[in-house]
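Participant: Take a look at this one; I'll ask things after.
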Amino acid sequence: MRSLGTCLATLAGLLLTAAGETFSGGCLFDEPYSTCGYSQAEDDDFNWEQVNTLTKPTSDPWMPSGSFMLVNTSGRPEGQRTHLLLPQLKENDTHCIDFHYFVSSKSNAAPGILNVYVKVNNGPLGNPIWNISGDPTRTWNRAELAISTFWPNFYQVIFEVITSGHQGYLAIDEVKVLGHPCTRTPHFLRIQNVEVNAGQFATFQCSAIGRTVAGDRLWLQGIDGRDAPLKEIKVTSSRRFIASFNVVNTTKRDAGKYRCMIRTEGGVGISNYAELVVKEPPVPIAPPQLASVGATYLWIQLNANSINGDGPIVAREVEYCTASGSWNDRQPVDSTSYKIGHLDPDTEYEISVLLTRPGEGGTGSPGPALRTRTKCADPMRGPRKLEVVEVKSRQITIRWEPFGYNVTRCHSYNLTVHYCYQVGGQEQVREEVSWDTDNSHPQHTITNLSPYTNVSVKLILMNPEGRKESQELIVQTDEDLPGAVPTESIQGSTFEEKIFLQWREPIQTYGVITLYEITYKAVSSFDPEIDLSNQSGRVSKLGNETHFLFFGLYPGTTSSFPIRASTA
């Protein structure tokens, strides 16, 4: 048998003001429960009943005796809910809420679930802080709530029953606010707000006065249903410990209010709500802008005033890499513009801006990339080791040391073969583009040259920014067949039995004339009786002799004298 129960004693203007003082009277359940500030939720499936078996006895052995608030689940389907709301409490010192509860059932099956909620500052109901759903004991049991929410904040305790579909009774009695700490449940000290950057661990440190044992359950309860498990407990003294909780890999969805919870054999301890603030690392909305460009540098404007994410911005960095992804670098920046130096000429780069806000993990992802290319640079040097690999009378083939980007300093370049030579006393200047630049043994053949001519050859490496020349190479083409002896230069002086013949060397000697070959032959005579068959022959003269005297000829005979010059 229970004694006369009391309802919650703290009404408007009635506060817990002194440690150890107990407000246990002032509202008997034989009076309407509304007179002590209790109320029923308006949208429930049914209501709690106020029962006093002292004034209205019952013969039901499964119902408790005394005055109390009761839920009779008989005839009710599973899942129906009813709520009993206590007055709002504004406490300014350590206190303990103490209550008794009773569960019975004819079938020994749980008639329902008894939940206790603590709603702070008229906020969301949240998750239950305490519940009982086991087998019915048919006895009164005591539980205590160590609630660490203090003025100017206020809170409200709500008792909820959810029916199971089984017949039975659930009751509460003697709800008291005690002006001293709970005896079997620790009290939490005030926990602080935590601010982290998205993706980081948010650690809540919950200090508590009291003892914790192995069977206790500690957790971090979010106001919207997200809970975090215990990370570790550090016992600092015989009456004090610190529990740590991690909200891992935080996102914006994890932001909100959290409180520390401990469920002991005697009840539950609840801290104040602390705010988890999750900041999104800042990311620029637009790519950087190109201000100027050189062969080895790029001037950019960061263009990072508009961002996605949260500020304030405490650091800026420029990340850049080759478009091919062969390497990348990151540099801190302390102004709105930045010169990226020591770059490779004629190379495409991707440039992004990274922004950082305070705290670990405060650096956001790279913003949109600017894709741009450096200018070409003046070639490092001209081609080297120019040499002749083949010489003919009318062409020469040259070879040079291969070179690459480190010499050209530009991916777009020309290699020109520049050569000149004398023809007929006039200088001829020619240029040809060599396309054999990627070969491991590059070479080029110059054709349509004059035989036995000195040719001056050099290579010119050019890109849009400059040119570099190789050393000049002079080579002489081989000799070739000489040209004809000029007909107009052949002169003959005739005598009765001889002819003196002289001539000049060919206009195009194409080498050194080493020999003249003169063929003579009598073709007609004034004397038809003369046998001309023996009036022919061939003579040779050295290259430096351009005359010859033919004698022993028949008078009145006409002869032909073909002259042919020879070189080596």
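For all residues, glycine too, the Cβ spot is worked out from N, Cα and C.
Okay, so TrEMBL annotates it like this:
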| type | residues | note |
| --- | --- | --- |
| SIGNAL | 1-19 | signal peptide |
| DOMAIN | 25-184 | domain 'MAM' |
| DOMAIN | 186-277 | domain 'Ig-like' |
| DOMAIN | 284-379 | domain 'Fibronectin type-III' |
| DOMAIN | 382-480 | domain 'Fibronectin type-III' |
| DOMAIN | 482-568 | domain 'Fibronectin type-III' |
Participant: Can you break down the domain 'Fibronectin type-III' (382-480) into helix, strand and coil residue counts using DSSP?
Facilitator: 4 helix, 49 strand, 46 coil
Participant: Would you mind splitting the domain 'Fibronectin type-III' (284-379) into helix, strand and coil residue counts from DSSP?
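Facilitator: Reading the DSSP string over the domain 'Fibronectin type-III' (284-379) gives 0 helix, 44 strand, 52 coil.
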Participant: Using DSSP, how many residues in the domain 'Ig-like' (186-277) fall into helix, strand and coil?
Facilitator: 3 helix, 55 strand, 34 coil
